[in-house]
C-alpha cells in the first residue's frame, strides 16, 4: 500500500493534505493531537433505505444487524496520515442456502487524524489472499484470541476457508468497489470511566459497481465503538486464576482419593478408564492454555500458569494413579489402556464437534459405575472425591458455554449447560448411592449374578475350635454365624478381620487362594 490511496479521497481530503505539509509542527499539539485508532470496534449496521434495493446481490435480505471492525493503524511519512489495515464483519446478513452467518471483508486505507476522517476501500477485481487477513492483525490480542477460540470451539480453518469461497462476499469483492467513509470521535469520559481513550466510528459504506453495472447494494450506515481491551484482559486473567484454583482443588482431591485407596485391593476397585478420561481432558486443556499463551504474548504468564497446574494434575498425580491401577488390574484390564491412547487424537480430530465430545468425555463416572456393579466393589471412591471432581470439572465448560460475556466470545448455550449439569449430577448421585447402599443397590435382584455368601451355613461342631489367623484369637463357632465368615476354601475368620483384610488383598490369609467379592 503506497500513498496513492490519497487519490481516491475527495477534494476536502486533498486540501487537508496540503494543510498538513505546511503546518507540521502545529499538528503535534493542541486539539489536533494524534489518536491511535488501532483496536476492535463493535456496533451495528443498517440500510439507509430500510432494505437493499439492488438486484445484483439479493442475498442481503436483512435490513440491520451487528458488526465488528478490527483496525491496525501505522503512521506514515506524511504527518497526520496513518495507513490502516483491517477487516469488517457483518453478522446476520445472509438468508441463503449456504447458511453463511456473516460477511467478512478485508479493508485498507488512510486515517487523516487531524480531521478525524477515515477512508477505507476493499480489494476489488482480484482474489483475496486467505493468509493475509491474519497477518494484518497480528498485533491485536482481541483478534488473536478470537481466532483461537473459533478454531477450538467453533470451526476449523479449512471449514472457514470453504465457507468463505461459497459466500456471496467472494463474488462481491470481484465485482464491487466497496468504500467506507467514516468520522471518528472520542467517547465521553463518563462512558469509559476516564481510564483509556475509546473511540466511536460513524460512517457510510457504499458499493459502486465496476464499470456501468450500478451499485452492488444500497448504502449502509455503520456505527461502532472501540472495545475496552483492558476489561477484556482482566476477564482473561480472572479466567486463568479460576482454572489455577480449580486445578489446585483437583490436586487435593486426587491426594485424598489416593490415600483412600492406597492398597493394591483399593486401586483394583477403581476404573482405569474413569481416571484415564480425566487425564485426557487435563492434558488437552494444558495444551490449549499453553497455545493461547504463546499466541497472545501479553497474556503468556497468566495462561502459562494455568497450563502448568493442568500439567501437574495429569502428569504427576493422574498418571501416577493410572500406573497404580494398571499394576493392580494388570491381569484383567482387557485392553482398556489401548482406549486411552486414542483419547487425545479423538479430541484433536473432532474438535469441531466440541460440545458432543465434551458430553462423551464428561461421562467419565459411567465406567466406574459399571465396574462397581460388575465387581461388586465396596466403596472404591471417597465421597469428597466424587462431589469435588463433579463440581470442579464443570467450572470450565460452564464458563465457556454459559457465561454471556466470556472473553472467548463463544455464544452461550443454556440448554446444553443444563443438560451437562443434569448428566453429571445424575452420575454423582448414582455413585453416592453405591457408596452408602451397596454397588448393586439399584439393580433388580432378579438380574444380579449369584454371589458367594461368606455367612453361609456350615456344620457347626460344638467341640470344634479354631483360631483366626489374622488376629490370632479363638473363634467361637457356637456363636451366631454373622460373627464369623467362612471362605470358599473352608477357612474361618472373624467378620471384621476378614473385611479389613479384603480391603488390602483379595486372597485367603491361610492358603492364598483368590477370594470373591464380599
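Note that Cβ sites are derived from N, Cα and C of the backbone, with glycine treated the same way.
The domain 'RING-type' annotation in TrEMBL covers 468-512. Taking the domain 'RING-type' (468-512) as a whole, pLDDT averages 81 in the prediction.
TrEMBL lists 298-317 (among others) with the feature transmembrane segment.
Look at TrEMBL and you will find 338-364 (among others) tagged as transmembrane segment.
According to TrEMBL, the transmembrane segment annotation covers 384-403 (among others).
According to TrEMBL, the transmembrane segment annotation covers 415-437 (among others). Only residues 6 or more beyond the boundaries of the transmembrane segment (415-437), in the same chain, are considered here, and those with a CB under 8 A from a CB of the stretch are 355, 358-359, 362-363, 365-366, 368-369, 372, 379, 381, 383, 386-387, 390, 393-394, 397-398, 401-402.
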Same-chain residues near the transmembrane segment (298-317), Cβ under 8 Å, at least 6 residues beyond its ends: 141, 145, 233, 236-237, 240-241, 243-244, 247-248, 250-251, 254-255, 258, 278-279, 282-283, 285-287, 289-290, 292
Helix-strand-coil residue split for the domain 'RING-type' (468-512), DSSP-based: 11 helix, 11 strand, 23 coil
